[in-house]
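Quick notes on the structure that follows.
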Amino acid sequence: DFLCISLVNGFTQLRYNLGDKTVILQTLQKVHANGNTWHSLSAGRVGNEGYLDLDGINVTQKASPGMNALDTHTDFFVGGVSSLNFVNSMAIENEPTGFTGCIREIVINNRELKLTVTDPKGGANIGDCDETDCGYTVCKNNGTCQVENSGFSCSCPREWTGTTCEQSIHCSQNTCGSHALCIPQPSSFSYTCVCALGWTGKYCNNKIKFYIAKFVGNSYIKYTDPFYGKRDLQYSRLSLNFTTNQTEGLIAWMGKSENEDNDFLAIGLANGTLKVVINLGERISVPLMQSKYFTCSVGRWHFITVVQNQTCIKVYLDEELILFEDIDPQRKYTALNYGGICYFGGFEIGRKVNTVTTGLFQKEFIGKIKDVVLFQDSKKIQLMKAEGYNVYDGNSGN
């Protein structure tokens, strides 16, 4: 399998092979090879349907039956390769040669790569394209960079301040404690302090301890499983107690959630109904819905357990088996490669549940969670020792 972007006779090409056939897309227009014109290129695929966009002019290859997952286990190369043996003969039209020019702002699956000296794994013969201290995006948030004798300075838009326009003016004089994030509130010309796990109060200066986690809608806990390397991923299990009075919300997500190729097991509420979704590979998300309407009564605790035995999924609610399904009798993918990461209540601040889950769940969880157990562990996981923000002590009655 491969995915390759290259220049051929002045045109940009995207070539990819998911295991059955090589798809070739080529832009309609040539690039300006004068060395001083920047081009914006967007390329990729959804399943086996490819797209290639140069400066807003799009070329699309309609999907046809066949493979729809990219299985690659090599490093990601930009501008050239360390050895020509890495390049599949079908990946390019002519003999492979390295790129000569400038590249900036590489974004893969919504994550920007840092094109610095230290961040990449390796490289050779790379120079600074702009050769001044005003590199690309030195000034954040649409700030303008000026070269000066001492280096550079940023001229910031009205809402931003700091040496690189990195700080909201609403947070420039904040009094949030050291265990808080300052979140600007431009509409009220103010800010709020969002507390790290284990802290509370207006400025997050009060230490708390809890065994029941209370989520208020923009909360999350990210737990890293210390025993992930020893798990048998063909036989996964997640159980917890929760209470809520909402009809929508993501309760738990086992998986890295970095991109759409990651495996996951998710539990949540949709339209007042309990919903479990699992993806063991090839982005085939299988939603399992409880048939009867779920009662989201205030203060009532529910105990849910999801068991994955290869492709057989069992869901227990209040110790009653409510769902039992073999999601793939062909047994093509049988392991839940969740990367040792579990989210509860939502995702990191700024990452919306409906976006990250591609619409499988609509909102962050509002309610309480306790007694979380992974696999057949004898101990509950200690939520207090995880990463998280805006989580409250749910031990009290309110």
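From the backbone N, Cα and C atoms, a Cβ is placed for every residue, glycine too.
Caution: TrEMBL annotation is automatic and unverified by curators.
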According to TrEMBL, the disulfide-paired cysteine of CYS129 among CYS102, CYS165, CYS171, CYS176: CYS102
CYS204: disulphide-linked cysteine among CYS182, CYS195 [source: TrEMBL]: CYS195
Any idea which of the disulfide-bonded residues CYS102, CYS193 has the thinnest Cβ neighbourhood at 10 Å? CYS102
Near CYS195 (disulfide bond), which residues of its chain come within a Cβ-Cβ distance under 8 Å, counting only those 6 or more away in sequence? HIS179, ALA180, GLY201, CYS204, TYR389, ASN390
Going along the chain, which residues at least six beyond the ends of the domain 'EGF-like' (167-205) come within the CB cut-off of under 8 Å? 158-161, 218, 221, 349, 383-384, 386-393
Sort the disulfide-bonded residues CYS102, CYS129, CYS156, CYS165 by C-alpha distance from CYS193 (disulfide bond) and give me just the closest. CYS165
Whole-number Å distance separating the Cα atoms of CYS165 (disulfide bond) and CYS102 (disulfide bond) is 25
Cα distance (Å, whole number) from CYS176 (disulfide bond) to CYS102 (disulfide bond): 41
Residue counts in helix (H, G, I), strand (E, B) and coil for the domain 'EGF-like' (130-166), per DSSP? 0 helix, 12 strand, 25 coil
